Amino acid sequence: MLHKPAPVPCVAAPPAEPEFQQALHEVESTLAPLFEKQPEYKKAFKVIQIPERLVQFRVPWENDNGEVEVNNGFRVQFNSALGPYKGGLRLHESVNLSILKFLGFEQIFKNALTGLQLGGGKGGSDFSPKQRSNGEIRRFCQSFMTELSKHIGQDTDVPAGDIGTTALEVGYMFGQYKRLRNEFTGILTGKALAWGGSLIRPEATGYGTVYYVVEMLKHMNETVKGKRTLVSGSGNVAQYAALKVIELGGTVHSLSDSRGSVINADGFTSDDVFEVQALKAKYGYLADWVKTKGDKYVYHAGARPWTLVDKVDIALPCATQNEVSGEEAKALLKAGCRVLAEGSNMGSTQEAIDVYESTLQTEKPLWYGPGKAANSGGVAVSGLEMAQNSARIQWSAADVDARLEDIMKECYRNCFEVGQKYGAGKGYPSLVTGANIAGFLKVADAMKAHGDWY
Ligand code: NDP
């Protein structure tokens, strides 16, 4: 079934918010089969698309020259029907309200799919830690949290990391909250292990995406072993997705960053990925890393990986939004790609999703695992971090990893069964339809119980 964006912009997403409009229309179009069977849910959709609260604030901070700089700070508290608002803080120069509203909206359904008591939110700033000194990052984070601390709390809103927000930034923000409130509480996740972090949180999103792929492959009577895999990005999610694929016997042939892609026809080793991890911790670029490697490592400046390899089994977009176009989706299909699962949020354009979904009725579809399901392992382990913080205990890595795997299996089963009930592809049901309807129903029903619609 093709999912066409609705022709008329929604009231909640004015044209100045293209990313939010895209996310809204993607969800709305897949909810059509539900609305046909139970039209009363249209009322819930009208309510759910407006955030409960938006906080926008200025973040003045001092650079190393003693001058004042100023950035925009945001927190979108989108939906608290299932629990405290939960979602990351993005620190990147591209951050604006449209991007944070799209991320916060997706987060509502993603968090519902984890089965944990988590509402949806997102935040961040147009400040980028790249090329900033440690002191500048610290002063920015302290100023940012000085305002944000008025709006969050362990039972209200628990932000986490995202692009640009690593354990370093989380540490500075956590410290500032503690200083201001005289409270040691789990108001952020993605913390370092010594002061309340969870084992497996850094690995969770990448590992979880691959656990989701494992379930998709099981349905095809296949495993990851021997599968040729393309990964985009080279940050947190990409690194651990690549490492898990390699651990399970697959081969990873690409990594990329905002400047270009590296292809290795033989496949990267785990040590390569650890080198890239060290490079990215210092905000380095693959273009420089590749110069230290042999002829097998081929750099393509300004290119994404999807069209650079002739034969592919699995594609894992793990960098940023809209990183697979319709044309690139067709190229993946032609190269034999059978599974595409998003580690990134809204990794595929609507045109690319239309290509994947149009193959569902064919013998060999390019089966699509949408980000809100496939990358939900990160927020799931954040939820487990909150549980450990409340009980003042720490579970073992094996324990958290096993819980993560169970959550991803259950998330897949939920998407599969609901996709089968409402979607068109029976052998290979639409997992995006399943994810959107399963997540939406859970939140909409809770909102109805709270009197938010009737
Ligand atoms: P990181 O900041 O660690 O890595 C981001 C990667 O994407 C980097 O390789 C970066 O390149 C690349 N990138 C950023 N912008 C662009 C662009 N415009 N074009 C091409 N490449 C780009 O972030 P994460 O790995 O944490 O996040 C990646 C994605 O996964 C995001 O969509 C995020 O929202 C999503 N996600 C993350 C979760 C988490 O737990 N971290 C949880 C769920 C989803 P460069 O190094 O050059 O900047």
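For all residues, glycine too, the Cβ spot is worked out from N, Cα and C.
Feature annotation from TrEMBL assigns substrate binding site to Lys86, Gln107, Lys110, Gly161, Ser382. For the recorded site, Lys110 (substrate binding site), the DSSP three-state label reads helix. Sequence-distant contacts of Lys110 (substrate binding site), defined by Cβ-Cβ distance under 8 angstroms and a gap of at least six in the same chain, are Gly120, Gly371, Lys372, Ala373, Asn375, Ser376, Val379, Gly439.
For Lys122 (active site, proton donor), the same-chain residues lying six or more positions away in sequence with a CB closer than 8 A to its CB are Arg75, Val76, Phe78, Gly87, Gly88, Leu89, Arg90, Leu100, Lys101, Leu103, Gly104, Gln107, Asp162. What TrEMBL lists as active site, proton donor is Lys122.
Look at TrEMBL and you will find Asp162 tagged as site 'Important for catalysis'.
DSSP assigns Thr205 (NAD(+) binding site) to a helix. Sequence-distant neighbours of Thr205 (NAD(+) binding site) (same chain, 6+ residues apart, CB-CB distance under 8 A): Asn236, Val237, Tyr240, Ala241, Gly343, Asn375, Gly377, Gly378. Under the heading NAD(+) binding site, TrEMBL lists Thr205, Asn236.
Ligand 1 lies under 6 Å from the Cβ of Thr205, Asn236, out of the recorded positions Lys122, Thr205, Asn236, Ser382. The secondary structure of Gly161 (substrate binding site), as reduced to three states from DSSP, is coil rather than helix or strand.
Most Cβ neighbours within 10 Å, among the binding-site residues Gln107, Asn236, Ser382: Ser382 holds that distinction in the structure as shown. Annotated substrate site Lys86, Gln107, Lys110, Gly161, Ser382; additional same-chain residues within 8 Å of its Cβ mean position, judged by their own Cβ, are Gly87, Gly88, Asn111, Leu118, Gly120, Lys122, Ala160, Thr189, Gly378, Val379. All chains included, 23 other C-beta atoms sit within 10 angstroms of the C-beta of Asp162 (site 'Important for catalysis').
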